[in-house]
Amino acid sequence: MAKIYTDREASLEPLKGKTIAVIGYGIQGRAQALNLRDSGLEVIIGLRRGGKSWELATSEGFRVYEIGEAVRKADVILVLIPDMEQPKVWQEQIAPNLKEGVVVDFAHGFNVHFGLIKPPKNIDVIMVAPKAPGKAVREEYLAGRGVPALVAVYQDYSGSALKYALALAKGIGATRAGVIETTFAEETETDLIGEQIVLVGGLMELIKKGFEVLVEMGYQPEVAYFEVLNEAKLIMDLIWQRGIYGMLNGVSDTAKYGGLTVGPRVIDENVKRKMKEAAMRVKSGEFAKEWVEEYNRGAPTLRKLMEEARTHPIEKVGEEMRKLLFGP
């Protein structure tokens, strides 16, 4: 069983009197920086000079420094810039300025797990990974709640790395909801696998293929859109609130029977086999290697696929339907 920590098992004491440098002030960086400051901790921001984020962080009362200087001033460093920017920034601005014994925190294990970032042995390396976008991290904190998070220790130089991870999780409000202890490998691999076979890749293709089937059978695209995309949110909300069995108890008997008998014929063992193949590509590092090479070439394949997604017929129909639902 997973080890779950709440507010009672976490303390801010390990961070008291320490300087926390948040590297990056995007959606996640801003949310975590504000929450940590509101929890009574000393927070500075590390950014490239002159950008909009610099102006925003300054206007919100933070002391802002160039990344290297922020790292030199810090006892605890949160690396909250986009994954694919991290290796270059790490090599050029973070690693040369690290002090012995500092704590470095990541929100995702990708670069460390796959060896794109190789931390020195004389620091703590931890992860606090909120399981929600930055907007929710901030809003839930302000509401007196929190979003769940994963915590992990990659390197425990001080002997207190887990205490630092739990303190950061408490500082951003995550222990109010509960944090699960994991590893860099488990967080990274399950995150990528979940995105690919269910959350982004799986759902997207299931919806698109369902739309195509209905339209090819002669049904109106607008009706098809409502049936396979718009109503998907209603079902997902039920699953989120009640679980799969609870969702089944919230739909009609006709929907129950049709779903339970036809669903396994469509998402069959062959689909499960392909899911496992995709999962093994992640676990082996094959996907990471492919993606890093793609990114370093300027992401031509990604741009092509994004254009195909943008021009899919469901997007034109969806644009009109969303105007009806939400206004122009």
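For all residues, glycine too, the Cβ spot is worked out from N, Cα and C.
For the NADP(+) site, Swiss-Prot lists TYR25, GLY26, ILE27, GLN28, ARG48, SER53, ASP83, MET84, GLU85, GLN86; matching the candidates GLY115, GLY134, GLY144 against that entry yields GLY134. For the domain 'KARI N-terminal Rossmann' (2-182), the model's average pLDDT works out to 97.
Among the binding-site residues listed (TYR25, ARG48, GLU85, GLU195), GLU195 has its Cα nearest to the Cα of GLU227 (Mg(2+) 2 binding site). Neighbour density for SER252 (substrate binding site): within 10 A of its CB lie 8 other CB atoms from the protein chains shown.
Listed in sequence order, the binding-site residues from ASP83, ASP191, GLU195 having a Cα within 10 Å of the Cα of HIS108 (active site) are ASP83, ASP191. In the domain 'KARI C-terminal knotted' (183-328), helix, strand and coil residues by DSSP number 125 helix, 0 strand, 21 coil. Between the recorded positions ARG48, HIS108, the minimum number of other C-beta atoms within 10 Å of a residue's C-beta occurs at ARG48. In sequence order, GLY201 are the residues near GLU195 (Mg(2+) 1 binding site), counting only same-chain partners six or more apart with C-beta under 8 A.
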